[in-house]
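In TrEMBL this protein carries:
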COMPBIAS  335-346  compositional bias 'Acidic residues'
DOMAIN    20-271  domain 'ABC transporter'
REGION    329-355  region 'Disordered'
TRANSMEM  380-401  transmembrane segment
TRANSMEM  450-472  transmembrane segment
TRANSMEM  499-520  transmembrane segment
TRANSMEM  526-545  transmembrane segment
TRANSMEM  656-680  transmembrane segment
Amino acid sequence: MEKNGAGPDARLIDSTMLGEEWQDICFDIGKTSILKNVTGIASPGRLTGVMGPSGSGKTTLLNVLSGRQRTSGYSRTGSNKQEVHFSGEVFARGRPVSTSFFRGKTAFVFQDNALMDSDTAREALQFSAYLRLSRNVSKSKRDQLVERLLEDLHLEDAAEVIVGGPLRKGLSGGQQKRVAVGVELISNPQMIFLDEPISGLDSYNAFTLMQSLNKLSRTGVPVVLTIHQPSSEIYDLIDDVIFLCKGEVVFQGPRWGLFSHFDQLGFRCPTNHNPADFVMFLIHKEGDEVLDQLTGNWRTSTAAKQLTTRIMHAGDHFNPEAARAASRILSSDSDSSDAEEDESSSGDEGSTKARKKRNCFQAQWALIRRDGRRIWRDKSLVLSANIQNLLVSLIYGWLFFGAGHQESRDIGFSSSFLALPVGEEPCLDQTLFDYPMARDQCLRMFQVHWGALSIVAINAMMGSITWAITVFQNERSCFLRESSSGYYNNFSYFLSKTIFEFPVMFLSIVVSILSVYWLMGLLANPLVLICEVLLLSVASSSIVFCLSAQASTSEQAYALAPIAQIPQFAFAGILLPNEMVPLSLRWLKWLCPLYYGMTMMALSEFSETVDDFQRCEEQLTVNGTKPESNVMSQLCPGAVIQVLALRSQGVYENFFWWPAFSMCCIFFVGFRLLSVYILWRKSRYVL
């Protein structure tokens, strides 16, 4: 048996590749200790498996070592906010570094794959290659790398199959996992971490995936993965094992050293028995006293002391050229008082910034292409959503049929009006005017007209909520993986979503407005009305985007969205007139996009309303002169009542449209930028 498992080129690999060592790592969240004095090493050319029962700290250890775990400040899980405590040392080939040093130099494969379900396997790899490889790499070279990776991962036959997901048929679980590994390998990482890579796979797919990872480690890339209970065949592919129990190390070292270590403690593994199963059963079966003995024996064992010595001398075997290269890499991420290192650091940082600047445009174009491809493949969903929107709008149009033309009806006049000769103006004859009925009918007609306008606004606003939640939450895990791995910045992601949000919402609003415009008898210019409703929709969706970004799950997002939208119905004058809202709450209307949207729509709609009462007011004279306004309101109350009714909703006749327009724009831009900031904070760490 080849004990070191590294092959004949182990010395060459060890002298040129990146490695990671850690000593006495402790990690606590609140009062819960997750890792306790964990010491270990991930060597180049070695495949390291982290094992242990559920809750032993395996995933947390990977997150800490890869720089994806917050090591200071506070961690928020749901509604709980707890302080994070971290102690210990991390080294890169013997040189002390922070955990964040490894973040940009390592790849991390999440347990849930986190892939775009509408992309094919080839497109997923091409997207990663386009953004993560140097700009100097030509398209033909990128395509060659993608095809080679598809072949190495045995995905040639499934290259044109979409990834799929719970609601979309696509690749199998094993194929998805291999694609998830491939999108990280395309960047040629210096180290790779995998969280439960064979979870949910059948024995054959699990074995072939582990074979690929073992082959990768033989190229010199350190591979570290968490794994529950590997089969004997899979266990033989692992070079080094780390067994954790309740956050403490039970054993670490080459897999062949597991037998002798536990044999010395009096726990002999039966012949031809899976060593991983043996240790897992031992950990579960024994009580706390025996487990404390196991962890204590490991800390005082010769193997643990040898491991500490290896960590202290991890950087002793660099060849000079590789050492200088590693020093330049390290100095670009670490503070140094040495002038030469500072100069090297500033040069590397400048190059990194220039690359990021170039990649910003690449990322934007790649995101636009991917989002466009997704919408095209989901065109049946867009079509069905618009058909549903059309049917609902037709029902609303039928319900409010002719609401905008009611003011032109001959309601509010005495029955003798019907006997008047054609051409006579009944408003001019005060004896024919029924004042109480006119006031009542005018108010009723206005309420119906206002209700028709309100239902149009509400329908558009609620549609924007669904879009904002589903679009982001369906891509949340994929976004967090790509953003944390440096594919693109958060602003580029949101800009791409906004670019495609406008046409999708515009189509939905055009269908909604045109299907009710003539049925309801609306009077505003239809194009102006469409633009106003579109602005209201994107302003409302921006708030929901912000809440969705803050939410950790889809369930939380769906629970938070109504909280931000439904109260607007009261404060924006939908459920009750604004003047009836208590003074202590009336100021909340200024925080409601629906209020500004309804203001714009009302100014456009009711400025076009000319009814019999208004014509009466224009033509009425008393003794040849215009009466005072209070007299006119008694003689011809229609227009006055309409103005008063609008005022009760918080809309005044001397308003201009541009303040409401500006406020909707502020909501749109402000909450989008706030969403970008929230996601930036969330995407930096897993917790």
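Backbone N, Cα and C atoms are what each Cβ position is placed from, and that goes for glycine too.
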Worksheet entry | Rounded mean pLDDT for the residues that make up the domain 'ABC transporter' (20-271) | 87
Worksheet entry | Cβ contacts under 8 Å made by the transmembrane segment (656-680) with residues that lie 6+ beyond its boundaries | 479, 483, 490-491, 493-494, 498, 535-536, 538-540, 542-543, 545-546, 548-550, 593, 596-597, 599-600, 603-604
Worksheet item: Which residues, given as numbers and ranges, are at least 6 beyond the ends of the transmembrane segment (526-545) yet have a Cβ under 8 Å from it?
Response: 456-457, 460-461, 463-465, 467-469, 472, 494, 498, 501-502, 505-506, 509-510, 512-514, 517, 561, 564-565, 593-594, 596-597, 600-601, 604-605, 661, 664-665, 667-672, 675
Worksheet item: So which residues does the transmembrane segment (450-472) touch in its own chain, when a touch means Cβ under 8 Å and the partner is 6 or more beyond its ends?
Response: 389, 392-393, 396, 399-400, 403-404, 479, 497, 501, 504-505, 508-509, 512-513, 516, 520, 522, 529, 533-534, 536-538, 540-542, 544-545, 548-549, 554, 557-558, 561, 565, 568-569, 574, 593-594, 597-598, 601-602, 605, 645, 649
